[in-house]
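Database features, via Swiss-Prot:
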BINDING   TRP10, LEU45, GLU66, ARG123  S-adenosyl-L-methionine binding site
Amino acid sequence: MQPSFWHDKWASQQIGFHLDEVNALLIDYWPQLELAAGSQVFVPLCGKTLDLCYLAEQGLEVIGCELNQSAVEQFFSDNELPVERQSSGEHECYRTEQVSIYQGDLFRLPKEPLEAVSGFYDRAALIAWPPEMRQQYVECLAGLLPPKSIGLLITLDYPQEALNGPPFAVSDAWIQEHMSPYFEIECLSTQDVLAENPRFVKKQVPWLTESVYRLVRR
């Protein structure tokens, strides 16, 4: 999957993965992590999600990473936030009170901006990668996060042959096998969400589940 894929999606506004409200599962399960106010939280492939605002409203310092410049600029303009921009190595850093977004390639993001991170949130990052790139992403994420960092992972699972991703299907078995070397894993919830996703219904996908995991970096 090339960067041009995501740039084209944003340019044509084919952003069905973007929600116009805070993710309900984030609201339901984030408090269980019990992160103190002032903690730093990393959100990979953040897009322009309103989840960043929710996390900031919990008193957290939010650090995102997003490939597409338009998505980053839309986050600040849509939410009417003042923003400062400065170069940071290979990335551009957009910063306002409590939210910083590094615009550029996640795989090229240095560790230094995340040295004080103690939390993380992945709703649309793991499931955005095709199977051949998924392990590379997991290793990248694990390499960026300090030990004992705690976070939420939200995934989708369905018969992959029934629909072309993204979002791609990620099974519990895959998570346990490929992420357990780096994270302690606890599944908090798995729900049938087929009826809530008309795209999947239209394509006659037989089943669709959404799961929430609590992860702790080893």
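Note that Cβ sites are derived from N, Cα and C of the backbone, with glycine treated the same way.
Positions of the features from Swiss-Prot, shown on the structure.
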residue : record                               : CB count, 10 Å
LEU45   : S-adenosyl-L-methionine binding site : 23
GLU66   : S-adenosyl-L-methionine binding site : 25
ARG123  : S-adenosyl-L-methionine binding site : 24
